[in-house]
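Enquirer: Sharing a structure below in structure tokens format, with a few things to ask.
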């Protein structure tokens, strides 16, 4: 009987806990940042190039909705780093460097005075 309970507990952990823990290991990026990078890097490119870029981003970073990120930035930012670019740089450098962002305190920011 105890072996059955342990097996059920193991299956539940493997089903629900492990996938959510895996998402914390990845950096994130917003759909708006992806669009800004695509417009800046290849404005006249074909759709295939855009799909390749988006696939590469999805494999390296987790796409997350903008309101969630904005709320987290407002709570944790003191406003001195610049404007958040909608991307983290904990493990992977800022892909949004193409639009003038740089990594500060594990978040990609754009300094409006540098532009």
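Note that Cβ sites are derived from N, Cα and C of the backbone, with glycine treated the same way.
OK, Swiss-Prot features for this one:
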type	residues	note
SIGNAL	1-22	signal peptide
DISULFID	85-101	disulfide bond
DISULFID	89-103	disulfide bond
DISULFID	94-108	disulfide bond
Enquirer: Quick one, of the disulfide-bonded residues 103, 108, which Cβ has the fewest other Cβ within 10 Å?
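Expert: Output over disulfide-bonded residues 103, 108: least Cβ neighbours within 10 Å is 103.
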Enquirer: Given residue 101 (disulfide bond) and residue 108 (disulfide bond), what distance in Å do their CA atoms have, once rounded to a whole number?
Expert: 6
Enquirer: What does the structure give for the C-alpha distance between residue 85 (disulfide bond) and residue 103 (disulfide bond)? Integer Å is fine.
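Expert: If we compare the Cα positions of residue 85 (disulfide bond) and residue 103 (disulfide bond), the gap is 10 Å.
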Enquirer: Enumerate same-chain residues with a sequence separation of six or more from residue 94 (disulfide bond) and a Cβ-Cβ distance below 8 A; give 'none' if the list is empty.
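Expert: 85, 87, 101, 102, 103, 108 - these are the non-local Cβ neighbours of residue 94 (disulfide bond), listed in sequence order.
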Enquirer: DSSP on residue 103 (disulfide bond), three-state: which is it?
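Expert: Note: residue 103 (disulfide bond) is in a strand by DSSP.
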Enquirer: For residue 89 (disulfide bond), which residues in the same chain are close in space, meaning a Cβ under 8 Å from its Cβ, but six or more apart along the sequence?
Expert: 27, 103, 106, 107, 108
